[in-house]
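> This is the structure I have questions about; it appears just below.
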């Protein structure tokens with residue numbers, strides 16, 4: 001069994017910015033005796049060595065800054081992955097709000113249509129004079145209820161397909177290591193409510209078409 005790797009104590013520490021570089025002047029150009037070639041060569045060699053040391057210090061400082069930027073880039077990447085994961089949750093909640101708006105519209109259509117149907121059915125059953133064909137208002141109420149159920153059906157189908165595609169995209173990005181997918185996807189209460197309302201709408205349509213009396 002291979003020993004577990006020793007954790008790096010610097011892993012949990014924030015990156016430290018390198019100290020400000022103290023600028024120094026490059027070595028001055030030497031004055032040489034051109035009549036003595038050997039002495040001039042040695043002098044220029046020392047001068048080039050001084051320039052090389054000066055460039056080395058500058059290069060080391062640039063390397064330290066580059067490592068610091070690399071550490072900051074890793075922190076920014078981590079934050080970006082977190083934000084992307086949260087954006088998936090915000091998109092999911094936005095889809096829930098869209099479904100809730102569809103539920104409100106469908107509930108209004110179903111409730112209003114069923115009320116119209118029941119009111120004119122009671123008027124006809126009590127032989128009241130309504131002034132025009134008794135079936136027209138009831139058909140209008142039935143049409144409103146059916147429209148509400150159709151709207152709710154389309155909203156449920158769209159919501160399920162959209163959420164499935166969003167979940168698949170999130171899982172694919174999590175497998176590629178591009179996003180954190182630690183928070184679970186809870187059951188959508190809006191979807192449960194929409195399905196229950198859809199069932200109530202079907203019961204209402206059945207009672208209206210076959211002239212059944214609902215319990216209560």
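The backbone N, Cα and C atoms fix where each Cβ goes, and this holds for glycine too.
Automatic, uncurated: that is what TrEMBL annotation is.
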> Any idea which of 65-89, 140-164 is down as transmembrane segment in TrEMBL?
140-164
> Give the nonlocal contacts of the transmembrane segment (185-210) in its own chain as ranges (CB under 8 Å, at least six residues past its ends).
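For the transmembrane segment (185-210), the sequence-distant neighbours (Cβ-Cβ under 8 Å, at least 6 residues beyond its ends) are 92, 96-97, 99-100, 102-103, 106-107, 110, 114, 117, 138, 141-142, 145-146, 148-149, 152-153, 155-156, 159-160, 163, 167.
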> Quick test of the contact rule: Cβ under 8 Å, at least six residues beyond the ends. What residues does that give for the transmembrane segment (99-120)?
130, 134, 137-138, 140-149, 151-152, 155-156, 159, 188, 190-191, 193-194, 197, 200-201, 204, 208
